[in-house]
Structure formats: C-alpha cells, structure tokens
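The next block holds one structure in the form of structure tokens; read it before the comments.
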Amino acid sequence: MSNSSSITHFLLLDFGNTRELQLLHFCLFLGIYVAALLGNGLIITIVGSDHNLHTPMYFFLLNLSVLDLGFISTTVPKSMANALWNTRAISYSGCALQVFFFLICATTEFSLLTIMAYDRYVAICQPLHYGTLLGSTACIRITATAWGSGFLYAMLHTVNTFSIPLCEGNAVNQFFCDVPQVLKLSCSDTYIREAGLLMFSASVFWWCFVFIVVSYVQIFRAVLRIPSEQGRHKAFATCLPHLAVVSLFISTGTFAYFKPPSISSPSLDLVVTVLYSVVPPALNPLIYSMRNQELKKSIRKVISE
C-alpha cells in the first residue's frame, strides 16, 4: 500500500504494448492536435484582425477557440510524448497541473457555451435590447466571470483531490490525469468530500444545461415566426453551429462521467474520453465555419492575401 506523500509520479494508460501501436497513437493524436491548432488559431487570428467581426458573438467565439487550444494542449502533447518515448510516467506535480488546467478549460468552456446561448437568445428574441444587454463592457465582464469561476473551481477541485490519501497505487487508467481516475486510487471512504463536490458541480451544470435548452426552445419559437425564409435561414445559421458544439460537448462529457458502472470498460472509457476531450477542440472551428458566411468570407480573404 502507498500513500500520496510517497507517490512521486503516476503511470498513465498505455495505448498498446507494441511499438507499432504506440507510434499509431502518436500519429493519430498528432493529426488531431495539428488540426485543432490550425483551426482555432485561424479563428483567433481572423476574429482579432477583422473589425467586421468585433461583435459579441465573435468575441465569445474567440474565447472558445482559446479555451479549445488550452483544452487539447493540456492532455494531448504529454500523451504523444509518452507514446513517442515509450513511457507512461507523469510527475506528481505534472498530474496535478493537468487536472488544474483541464478543469479550468472544461468549466470555463461550459460557462461560455451557456453565455453564447444567452447571446443568441437576446439577438433573436430581444434584438432591440441587444446593444444594452450585451455591450462591450457587459461582454468583457461576463467572460471574465466565466474565466474567474473556472479558475476558482479548478483550484478547489485540484487541492481537494490531491489532499486525499492515495492507497491504491499510482496507475491512472486514462491517457491523462482525470479526477475520477485519480479518485479511484484513494483510500476507502476518503473520497466522499470530493465526490460530494462533484455532485454539487453536476447540479450546477444541470441548471446551465436547462438554461441552454429553455433558451433554444424560445429561439426556435421566435425563428419559426419570422415571415421571411431568408431571415429564418440566417437565424438558424447562427444558432445551429453553437447547438451542435453544445450537444457534442455535453453528451460525451455526461456519458463519460455518469455512465452506469455495468457498461463501463477500459476501452469504452478511453473512446468516450477521447470524444469529449480531444475531438471537440478539433471539430469546433469546422462546425462554426461551415454555415457562417461572414466567417467563411473572412477566411477566404485571409487565405487569398
């Protein structure tokens, strides 16, 4: 038996016991990571440089791209390095930092997706009040609140998680240090306070999810009342990408953390975790640019220059 004071490093999940599988893992993650860097980097550059895109919707989209870069950069590079150098080790402090930055990005991203739902609600259901409710000062304040709450939440979780005695070894059954996997190494009954904190977090996320659903019910009701087919198409074009991103993030994340133990398996856990932590940062830029004519126009302008 070991305890947390004697643990100097953790062992992450090994994708394969052969060199070929490790290199395949490295190549797949490298391709996804490069796609995420290019896609999100392009959106950040375009929104930052094009004054026509200096609106609340694109300001939130810029922050989402920054979060996606942090989200995937927290987990994937270390996993790729381990596969390349044929090791599983991550230091104790490195594991704690992974948990901390992963929680910052995940919590802030969910808060931002909730804010973006509110932005679309005001733009479509209360357009005359849009400038008042979502002026530049208001956008900065609510975004700063999302980042600040994410920081405090991540700090609380990280300190709480790594203050729990760990008695079940140091092998983390995931390709990065994830809170539920670290808690599985804890001593019997010592993880109750962290589990309670996770349940409280789940209730907060649930109310955010309800807010998003109610917002979109009101949005779709308002859009269907628009007499012009072109107006309805434009409204849907600004809402559907956000709804697709929210659906992907929430469905995979919820299944990863709340799936029944009876269907849990290491391979299923790995696939679901990749779906909610690695795939969305790479897909989000594509989802947002597919139906957004202003963004596509700016992208074509940048590429042609």
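Think of each number as a place in line: the chain as shown, counted from 1.
Just so it is clear, glycine is given a Cβ too, placed from its N, Cα and C backbone atoms.
Model, not experiment: these values are computed from the prediction.
TrEMBL lists 39-288 with the feature domain 'G-protein coupled receptors family 1 profile'.
Residues or ranges marked as transmembrane segment in TrEMBL: 23-46 (among others).
Annotation source TrEMBL lists transmembrane segment at 58-76 (among others).
As annotated by TrEMBL, transmembrane segment applies to 96-118 (among others).
According to TrEMBL, the transmembrane segment annotation covers 130-156 (among others). When Cβ-Cβ distances below 8 Å are used as the criterion, the transmembrane segment (130-156) is approached by residues 56, 59-60, 63, 99-105, 107-108, 111-112, 115, 119, 122-123, 197, 201 of the same chain, each at least six residues removed from its ends.
The transmembrane segment annotation in TrEMBL covers 204-224 (among others).
Listed by sequence, the residues of this chain that lie at least six past the ends of the transmembrane segment (236-258) yet keep a Cβ under 8 A from its Cβ atoms are 57, 64, 106, 109-110, 113, 116-117, 120, 123-124, 180, 198, 202, 209, 212, 216, 219, 223, 269, 272-273, 275-276, 279-280, 283-284, 287-288, 290-293. Summarising the annotation, TrEMBL assigns transmembrane segment to 236-258 (among others).
What TrEMBL records for 270-290 (among others) is transmembrane segment.
Of the two recorded stretches, the transmembrane segment (204-224) does not lie close to the transmembrane segment (270-290), with fewer than three CB pairs under 8 Å once pairs fewer than 6 apart in sequence are set aside. Taking every listed stretch (23-46, 96-118, 270-290) in turn, the largest tally of C-beta pairs under 8 A with the transmembrane segment (58-76) is reached by 96-118.
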